[in-house]
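Noted in Swiss-Prot for the protein shown:
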type	residues	note
ACT_SITE	Lys115	active site, N6-AMP-lysine intermediate
BINDING	Asp32, Ala33, Glu34, Tyr35, Asp36, Ser81, Leu82, Glu113, Arg136, Glu173, Lys290, Lys314	NAD(+) binding site
BINDING	Cys408, Cys411, Cys426, Cys432	Zn(2+) binding site
DOMAIN	593-671	domain 'BRCT'
Amino acid sequence: MEPIEQQLTELRTTLRHHEYLYHVMDAPEIPDAEYDRLMRELRELEAQRPDLITPDSPTQRVGAAPLTAFNQIRHEVPMLSLDNVFDEESFLAFNKRVQDRLKSTENVIWCCELKLDGLAVSILYENGVLVSAATRGDGTTGEDITSNVRTIRAIPLKLHGDNIPARLEVRGEVFLPQAGFEKINEDARRTGGKVFANPRNAAAGSLRQLDPRITAKRPLTFFCYGVGILEGGELPDTHLGRLLQFKAWGLPVSDRVTLCDSPQAVLDFYHNVEKDRPTLGFDIDGVVIKVNSLALQEQLGFVARAPRWAVAFKFPAQEQMTFVRDVEFQVGRTGAITPVARLEPVQVAGVLVSNATLHNADEIERLGLRIGDKVVIRRAGDVIPQVVNVVLSERPEETRPIVFPTHCPVCGSDVERVEGEAVTRCTGGLICGAQRKESLKHFVSRRAMDVDGMGDKIIDQLVEREYVHTPADLFRLTAGKLTGLDRMGPKSAQNVVNALEKAKATTFARFLYALGIREVGEATAAGLAAYFGTLEALQAATIDELQKVPDVGIVVATHVFNFFAEESNRDVIVQLLAEGVHWPAPVVINVQEIDSPFAGKTVVLTGSLSQMSRDDAKARLVALGAKVAGSVSKKTDLVIAGEAAGSKLAKAQELGINVIDEAEMIRLLGA
C-alpha cells in the first residue's frame, strides 16, 4: 500500500469514528474546528489522487450534480404505517386486543419510542456500505433519494463493527431539529428565500431537493427505528435488542427508547414524554408502542397496511391563546360564504397560525365571538387551525360584533340561507368572480379534468382579465393569449394548451365530478355514471329515478336535478362537448351473467389500500358488477376496510353489514 493510501485510510477511519461519537453517542471528543481540519486534509489528499476516492469516503456527502427528477425505488418489504390511538381508553383497548390474540393473561413487554415528526425513509446497506435510500412513498414504491441521504452526516456511509449482514435495510425518520429550522428560516428571510411553515416541511423540502448540494447545507439528522430487508446475517430477537445493535454499528437511535412491562408503565412513559416535549429540541407528535418480542410480533401479524403489534399513541392537538383582530368572508365555488378569523399570529404545534376558519354564522353565535376577543386556538390533528372558545374572563373593553354580510363581499349579489342549512350562500352564480375562480379551479383539478400546469394563479388571472367565464372558455385559450399572463412564457403557455387538449379525453365520472354539482363528490359521480351510463339518460332522470342510485338521497338527487334543469348549465355542457370533451362509450354489463361474488352488490370502500389505489379498486369492482357507494347505509351489502378505517367501519359494524379487509378483497377479485 502506498503511503498516501495509508494516510487516506487512517483519515477516513478517524473521521468516521468522530462522526459516530458526535451523532450516535452524543459525546464528541474533538471540537468542530478540529473535525473541519481533518476533513480539509482528507479533501486535499483526495484532490491529489482522485483515483483513490471511495464512495463511502466522508467527503462524498456533499452530493453530485443536480437531478432533473427522482427515480422510483420499489420496496422489497413494504413500508407499512401504524394505526393511531388518541386517548388512554383506546390504548387500553389496543393492549387488550393484543393480549386476547395472544391468548395470554400476562403483561406484554412493550418497547416505547418517540414518534418523530419527519419523513420516513429506508436505507439499504450491502456489506456494510450504503448503496441506496428511498422515501416511504405509497408504502410500495418510493423516490430514490440516495444522493441526498448521503449528505446527512448522522447517517453512516459505512457501518462499523462485527457480524454486519450482507444486506441490511434500516428504516427510520429524517427530521430537522428546531434550532436548524429557525436558522434556515432566518437566512431565508434575510435573503428573500422560501420560509418554511414548520420543521417537517423544511425537512421534506430539503430531502427532496434535486440538487444534493442544497440538501448538504441543511442540518438534517436521523433516528433509526426498524428493519426491512435482512439477508446474510442475524439480528437479536427483540425490538430493543435490534435498536441497540444498530447503534453499535453506527446508526443513530433515540435515547428515549424505553421498555415498559405494563399498560400503566406505557401510560407513564407517554405522559413523561408529553411533559418533556417542549424541551426535546425537535418535533414529535406522539409515542410509538411496539411489542418487544419478535416472536410475538410474528404471531400477531398484520392487518391491511398496519401491524397488529404496534400503535402510534398521538398527543392531543396543541392549543394557544391569541386575539381575533378581524373577520373576513370568503366565497367558495358553490357560493358558500365562510367567515375567517384573522388572528394575532401565534405559534401552535410548530406552525405560525394567523387565520382560523369560523365555519358559519351558527358557529360564531355558539362561540359568542366578537372582534377583539381573546380566544383559544387549536390545530385539530395538528393541521387545521380552529377557534375552540372565547376567553370571556379576559374580554377587552374594545370589542365589536361580527356582522354577517347581507350581500356577497365579492360581487354584491344577494345572499341566502336555506332553512335547515347552516351555510349562507351568494346567489350570483358564475357572475360572481370568486365562485367562477373556485369553480374553474375545481374543474381543472387532478381528480376532475386533470389539466396539468393550470394552477390557481393562472385561473385567478384568467378570470380577472375576463378571458374565461365558463369551463368551456378554457378550451378556447391560445398560447398567444396565455403568454400575456404574468410569469407565462411561450413554452409554458404552449404546455398549458397541450395539457388542455389532452384533458379533453376523460371519463364520464370525472366529467360529472368536474361540473361541480353540489354534494356530488367522486364516489357519487362514479355511481351516477355507472347507473345511467350516458349523459342523455342522466339529464333526463327524475328526482325519484336519481334516488335509485346507491348513495343518492333526496338532497343529492334534488341538487343534481336542479343543476341539469338550469339552462345555463346545459349550455356550458353543450359548449364543452363542442370543444371536443369526450369519454368512452359505456360498456353494458349484465350483472346476472357475471360470475363474481361482487356482482349486484353495493360496496363501500373505507380506509387506505396498500396493494392498489382506491380508483383501481373501484374500477375493478364495477367491472365485476358491483355498485360502489360513498357512504354506508342499510342498502350496503359489503364494506371493504383498509388502513385507518373510521366512522364508515363503525357504522357497518353497528348495522351488522359484512366487512372484509384488503387481502380478502384481492382474493375475491381473483376468484
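Backbone N, Cα and C define each Cβ position, glycine as well.
All features noted in Swiss-Prot, drawn onto the structure.
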residue	record	DSSP (3 states)
Glu34	NAD(+) binding site	helix
Leu82	NAD(+) binding site	coil
Lys115	active site, N6-AMP-lysine intermediate	strand
Arg136	NAD(+) binding site	coil
Lys290	NAD(+) binding site	strand
Cys408	Zn(2+) binding site	coil
Cys426	Zn(2+) binding site	strand
Cys432	Zn(2+) binding site	coil
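When the Cα atoms are compared, Cys408 (Zn(2+) binding site) and Arg136 (NAD(+) binding site) turn out to be 45 Å apart. Note: Arg136 (NAD(+) binding site) has non-local neighbours Met79, Ser81, Leu119, Ala120, Val121, Ser122, Gly142, i.e. same-chain residues 6+ apart with C-beta under 8 A of its own C-beta. Taking only the Cα positions, the spacing between Cys432 (Zn(2+) binding site) and Lys115 (active site, N6-AMP-lysine intermediate) is 46 angstrom. Cβ neighbours of Cys411 (Zn(2+) binding site) (same chain, under 8 Å, six or more residues apart in sequence): Cys426, Gly428, Ile431, Cys432, Gly433, Ala434. Residue counts for the domain 'BRCT' (593-671) under DSSP, helix first, then strand, then coil, are 28 helix, 18 strand, 33 coil. Of the binding-site residues Leu82, Cys408, Cys426, Cys432, Cys426 has the largest number of other Cβ atoms within 10 Å of its own Cβ.
Around Glu34 (NAD(+) binding site), no same-chain residue six or more apart in sequence has its CB under 8 Å from its CB. Mean model confidence for the domain 'BRCT' (593-671) is a pLDDT of 82. In the structure as shown, the Cβ atom of Lys290 (NAD(+) binding site) sits within 10 Å of 20 other Cβ atoms. Those same-chain residues not listed among Cys408, Cys411, Cys426, Cys432 yet with C-beta within 8 angstroms of the centroid of the Zn(2+) site C-beta atoms are Val331, Gly335, His407, Pro409, Val410, Gly412, Ser413, Val415, Thr427, Gly428, Ile431, Gly433, Ala434, Gln435.
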